[in-house]
Number of protein chains: 2
Amino acid sequence: MRLSQTAQDTLCANALRFLAIDAVEAAQSGHPGMPMGMAEIAVALWTRHLKHNPTDPTWPDRDRFILSNGHGSMLHYALLHLSGYDLPLDELKRFRQLHSKTPGHPEYGLTPGIETTTGPLGQGLANAVGMALAEKLLAAEFNRPGHRIVDHHTWVFLGDGCLMEGISHEAASFAGVQRLSKLVALWDDNRISIDGDVAGWFGDDTPARFRAYGWNVIEHVDGHDTDAVDHAIRDARRNARDDTGPTLICCRTTIGRGSPARAGTASVHGAPLGKDEIAATRAALGWDHPPFDIPEEIRNSFDARKTGAARQSAWQAQFDAYAREWPELAAEFTRRVTKRLPVGFRVLADAILRGVHNEAATLASRKASQHAIGRLARALPELLGGSADLTHSNLTDWPGCGAVRADQAGRHINWGVREFGMAAALNGIALHGGYLTFGATFLVFSDYARNAMRMSALMRQRVVYVMTHDSIGLGEDGPTHQPVEHLPSLRQIPNLDVWRPCDAVETQAAWNASVMRADGPSVIACSRQNLPHQARDAERLGDIARGGYVLAEADDGQPAMVLIATGSEVALAMEARARLQADGIATRVVSMPCTAAFDRQAASWRDAVLPPDVPRVAIEAAQPDSWWKYLAGAPRAAVIGIDRFGESAPAGELATLFGMTPERIVDTARRLR
Amino acid sequence: MRLSQTAQDTLCANALRFLAIDAVEAAQSGHPGMPMGMAEIAVALWTRHLKHNPTDPTWPDRDRFILSNGHGSMLHYALLHLSGYDLPLDELKRFRQLHSKTPGHPEYGLTPGIETTTGPLGQGLANAVGMALAEKLLAAEFNRPGHRIVDHHTWVFLGDGCLMEGISHEAASFAGVQRLSKLVALWDDNRISIDGDVAGWFGDDTPARFRAYGWNVIEHVDGHDTDAVDHAIRDARRNARDDTGPTLICCRTTIGRGSPARAGTASVHGAPLGKDEIAATRAALGWDHPPFDIPEEIRNSFDARKTGAARQSAWQAQFDAYAREWPELAAEFTRRVTKRLPVGFRVLADAILRGVHNEAATLASRKASQHAIGRLARALPELLGGSADLTHSNLTDWPGCGAVRADQAGRHINWGVREFGMAAALNGIALHGGYLTFGATFLVFSDYARNAMRMSALMRQRVVYVMTHDSIGLGEDGPTHQPVEHLPSLRQIPNLDVWRPCDAVETQAAWNASVMRADGPSVIACSRQNLPHQARDAERLGDIARGGYVLAEADDGQPAMVLIATGSEVALAMEARARLQADGIATRVVSMPCTAAFDRQAASWRDAVLPPDVPRVAIEAAQPDSWWKYLAGAPRAAVIGIDRFGESAPAGELATLFGMTPERIVDTARRLR
């Protein structure tokens, strides 16, 4: 007997439900409610629309699928497994267990087919915005008449939690003004969040809100009617073809649908159903298969390997034709989407660095950063940067960059005043491939973007954050704009390289290192004020990349004192060194632009730079506590830092007030002798 | 000759313009564009509506005025000065100078009449939401038939930047669902942000967006027509009376209005106009007064001292009548709005702490926190707490608390999934007075709220943050939900006390300390998992408040090893101590629940707790670097921490994987001998 399509769809949805129910039960931990509520929506998208090839999750022109409500991870794992990805049933049985491929929330790089790590609410939507932007720009750059080698959609599942988060506003507003028509979000409108019925705390007219952003909104879709969702998705694809802006599909659903006792309540959100309720749910849905036992005909309905391979083959044929007509473009496209730097880039980067050293310029490091961007942009057509409405303060644009607009594919993005949305979208751009991306704001406002920067680090994405106005040195704008704790606290994010260059040379070196770092994000913290050039020989020029090095040796080569400094304080340390040397205290200055890079060096390097038997003073215009790590082992040591909030005044007066002076360094060093 | 009202309004607006222009020019730094653009709006609100008394900025029933676009600070200073606040002209002349009362951005506590510190965009709106909520709840609690002792408005100026920020969504959505009808926002719709014409990056239909939140929206107001703004404000006040929700007034303006060359462009936003353009502006506006010279009749128009004193007197008469009819309520009201704790609270808090110690319970510290909240709530009717949609995970509610809803004045707030908005609104509640407030989320999501927590610290507000699920100990939810860097990086925010209690007793002590801390915010980081009770004598019970103390002395009183731990790691240290003692290594365990409190102790205390000549091991399931501060001076030392992201697995397996075990502590200690 052949089932009707509707009956078959119901079976498919129930298969997703029970894989989630049974995996959560096996783990005794997890979130069954969302998979049970979004099952039909998933069936509609994954069996009728999603363009992907489970046997090649790296196919550049695949659709991107993002689960912004990442706690529903079992839905995604069930879909990947049934569609034919390399995610065997055994992995589903080990949901949330140590070193399984099915962690509590979806993790990029761990599970084939997971496009981004989600869980922190709202960020998946912003990742998707970045992906859709990358797709649009890449299409504009590489497609040619008769050749649409870039042409895919970005699909997002999201819930009420994502929509309450502020980042949903930043992301959706930006997607609207940029008219990202191939972005389609499917909202799980179940009216339940963890605290219960959302009526008490979430009263938005969400469709009206999204229309206000310039989105198409498809309302009143029955999220448990696969055909209804299918029709809405068709309408969304038409919007994409007609380029009328992104689309939100509002799917009315019941959380935990199928559970007789818990459907429609918060109790089904984040806890196992338990044996009895699972039995009741099996009975209610007429599902008599044992846990993890999915009938063959259901597997066949999901299996996308054949159609996926055929679609990828067809694309490959298109691409081959493109490559014949546009061989250089095709080679460049392949390089770009595989995230490889141009051949010979390292040599070029070294040459650029030598050139900057020869210029010996005194510049604010934010200005030096702008110069570095301009130099790199000539060699890296993939450079795609911008600022959160501080372009002329952060200095992120460069000659000929061109602005990215709804109807214009440039290379510089005005993100608007949207730091968090920008950072999460940068993750999406980096994950998508095709661009090497950076974004900028004031260092103090890294706070606004912080969790997305953490996600860059967790996902090991090459994203560069230009964070200017890096200390009280910004002056009059006062304590709300003066970072104090930000440098050390960003350094504490694992896998994030934080650079604070002392001059134009170190700024270029920081940019070179950040661009060549394939496995993680970097912050480049830049000054508002001018920083004098520091002279170095060729060897020391190369040492910058080690993160900490001897910038100036004691005159006799036998230091009796080591001064460690970063950024604008290096010049102070150099001045203090001159006075100490004059006093007969042999003094070494160590510049430490990146503690993370320094930590990766061999112990022999670290001990050579910071000899264990010599007193040390660390100087940085920031919260001082973390520096004790680099003072441990010295016979005597001190930190000169700032452990209170700043003040509003001209920068020079603040330097005196906060003791960021050569005099204080000299006095401190003398006391330690 | 008497001027027409319209002519007089124009003069008043121009007075504000030139005070801003000339102060920025004198400082050679600042933002003239916004004051020039919002001058008429300010005249309408401040000379016709704002209820305040410049001679008593602490009058509890004054209107609250918030400049969310805080870079326009000179507008506010000009208004305060002209209205008669204690802000002499000399202070305006010292705009942005060291230790003036006119810093670059408005700072609470520094300048009379400044209700909150602004500058970080969007947060002023969220502060205002907190103030309006406090007003509404206080009115519900204290007003009585015939007595409206709490009855004031909250007014907010905001710009495009505030509206682009995600927090504006969280704040406005929450204000809508809570129907905060006395909140009125005036939008400076000048279509310019720092990067230029916003059309390229900000295309929202903002009126439609706010209607979607349930706000009243008054559109198409000419922001340079004082009467038009006045009429809109009257309409907004009617909405307040009719309780139809908050109101957004959309004022179409020209940034830098009056400057012939720069009006309507980004160039007037954040830089002095310069001598020539100032002369041209003076000519264009017909303003021939020298800098800082404001004619008497204009001063008289602004001077609110007489009317303000009369209004406050009338209120005082009302309050006196109230006090006669409801003497206990009146006394309680006065105590509450002056932010004093009940008489005898300290004695009570100590008794509670002893009681908790006697219970000797093994609990998760999040559960212990809930118990502490319940105990304190009985003594503190001002306790007003909530959670960002994690009430039953953070455990923030208590028996009889009641939910705060649009039509119900309870004491527990479901903030929705809005961590940043919550934190900034908590600042508003604390600033308003009348409530002692706390909010909660997972510790990892302190990232989302971080800059508002910084603002709590900068403004020295008593706000308590309950941050649960404080380490990899949360288990299966995985690295997106497991804090690693958060404890140390929150500790680096100046003036923020971070508590991480090791058992129910320290949890109560942390709560007591946080509630009694009148000059700053506190974080209480709590475990998901159970923590065993630690026994202490009465003296040690009192020592908890010192932030670091000897929990268990070496058996012979002569420690050969000191183990320092916090939170869940204290129990591990205690177990390690038992084994080390058995091995003949006399071991002291120091519990360090709050490093900031410990840092405030005398050196003698600190040295007594951490004797300089004894090796030390610090143990904390978090990024380890900052602990070196507490190891400096020891002959040998080590930190056991976690310097990479977590994993998804059951908590016990993670403890082994990440080496959070007594065995590792024992091994490390042995190696240091």
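Keep in mind that glycine also has a Cβ here, set from the backbone N, Cα and C atoms.
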From B:Asp160, B:Asp204, B:Asp205, the one annotated by TrEMBL with B:Asn190, B:Ile192 for Mg(2+): B:Asp160
Same-site residue for thiamine diphosphate (record: TrEMBL; known: B:His71, B:Gly119, B:Pro120, B:Leu121, B:Gly161, B:Asn190, B:Phe445; options: B:His231, B:His269, B:His371, B:His392): B:His269
Closest of B:His31, B:Arg366, B:His469, B:Asp477, B:His481 to B:Phe445 (thiamine diphosphate binding site), Cα positions, binding-site residues only: B:His481
Nearest of the recorded positions (B:Pro120, B:Arg366, B:Ser393, B:Glu419, B:His481) to B:Ile192 (Mg(2+) binding site), judged by Cα-Cα distance: B:Pro120
Proximal residue to B:Gly161 (thiamine diphosphate binding site) among recorded positions B:His269, B:Arg366, B:Ser393, B:Glu419, B:Arg528 (C-alpha distance): B:His269
Where B:Asp477 (substrate binding site) falls in three-state DSSP terms: coil
Residue among binding-site residues B:Asn190, B:Ser393 with least C-beta crowding, 10 angstrom cut-off: B:Ser393
Additional residues surrounding Mg(2+), by Cβ distance to the B:Asp160, B:Asn190, B:Ile192 centre under 8 Å: B:Gly37, B:Gly159, B:Asp188, B:Asp189, B:Arg191, B:Ser193, B:Val198, B:Thr253, B:Ile255
Euclidean distance between Cα atoms of B:His481 (substrate binding site) and B:Leu121 (thiamine diphosphate binding site), Å: 27
Of the binding-site residues listed as B:His71, B:Gly119, B:Asn190, the one whose CA lies nearest the CA of B:His481 (substrate binding site): B:Gly119
Proximal to chain A - binding-site residues among B:His31, B:His269, B:Arg366, CB under 8 Å: none
Between B:Asn190 (thiamine diphosphate binding site) and B:Arg366 (substrate binding site): CA-CA distance (Å): 47
Residue pair B:Arg528 (substrate binding site), B:Asn190 (thiamine diphosphate binding site) - Cα distance, angstrom, rounded: 48
Pairwise Cα distance for B:His31 (substrate binding site)/B:His71 (thiamine diphosphate binding site) [Å, integer]: 6
Separation of alpha carbons, B:Asn190 (thiamine diphosphate binding site) and B:Asp160 (Mg(2+) binding site) (Å): 8
